[in-house]
Amino acid sequence: MGTSVDAAIKEENGNVAEKKPTVVFVLGGPGSGKGTQCTNIVQHFGYTHLSAGDLLRAEINSGSENGTMIQDMIKEGKIVPSEVTINLLQKAMQESGNDKFLIDGFPRNEENRAAFEAITKIVPEFVLFFDCSEEEMERRLLNRNQGRLDDNIETIRKRFKVFLEASIPVVEYYDSKGKVRKIDAGRSVEEVFEAVKAIFTQKDEKAAV
């Protein structure tokens, strides 16, 4: 298990000449539909989907001291320390056995971004950004019934604010490097996936050349 990522980590030490894992950051506001699209990408293109939020929730549910700290921060609408999330992501990458990853909902801010690159030595292949209006995201979140405790109107708006203030600078940073692939996420799931497929198909074709 984890041979591809382990090999990539060894490469940093100059032991193995194998390429680093491919990482695509998936960003979008709460309710932008990125989770649904990640599932489609996994099925069609063989990536492993790592949701920072799901990994953090699993840690909370484990009842560990780390999990309690994470829960308290999320309740207050704060962003969890970078190292905590990066450690969870690295562990999941190493356990997956794959070498292609969609990292969903991370980096949440510039500090996350810099820490991820510094700790893992991995620069993302590109950033998939699901661009969706606040009104549409709010409508979707209030309509869905997933039993998520954080889906009430006040918390939703707080999450929007955190996303805009913290995550948009990350998108702008990668945009300046030519690494952002922007998707109009206000459309239907099928239409959005057609746009997503075109991006990943183009990437695979480039890699095959």
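Every residue gets a Cβ built from N, Cα and C, even glycine.
Bear in mind that TrEMBL entries carry predicted annotations, made automatically and left uncurated.
If you look up TrEMBL, you'll see G31, S32, G33, K34, G35, T36, R144, R187 marked as ATP binding site. Per TrEMBL, the feature ribonucleoside 5'-phosphate binding site maps to R57, K78, I79, V80, G105, F106, P107, R108, R148, R159. What TrEMBL lists as CMP binding site is N112.
Within 10 Å of the C-beta atom of R187 (ATP binding site) sit 15 other C-beta atoms, taking all shown protein chains into account. Nearest to G33 (ATP binding site) in space, judged by Cα atoms and limited to the binding-site residues R57, I79, G105, P107, N112, is G105. The least crowded of the binding-site residues K34, R57, R144, judged by other CB atoms within 10 A of its own CB, is R144. Binding residues for ATP (G31, S32, G33, K34, G35, T36, R144, R187) extend across at most 17 Å, taking the greatest CA-CA distance.
Proximity to G105 (ribonucleoside 5'-phosphate binding site), judged by a C-alpha distance within 10 Å, picks out K34, G35 from the binding-site residues K34, G35, R187.
In this structure, the binding-site residues G31, G33, G35, G105, P107 were compared by how many other Cβ atoms lie within 10 Å of their Cβ, and the smallest count belongs to G35. Of the recorded residues, G35 (ATP binding site) and the residue listed as 'CMP binding site' place their C-alpha atoms 20 Å from one another.
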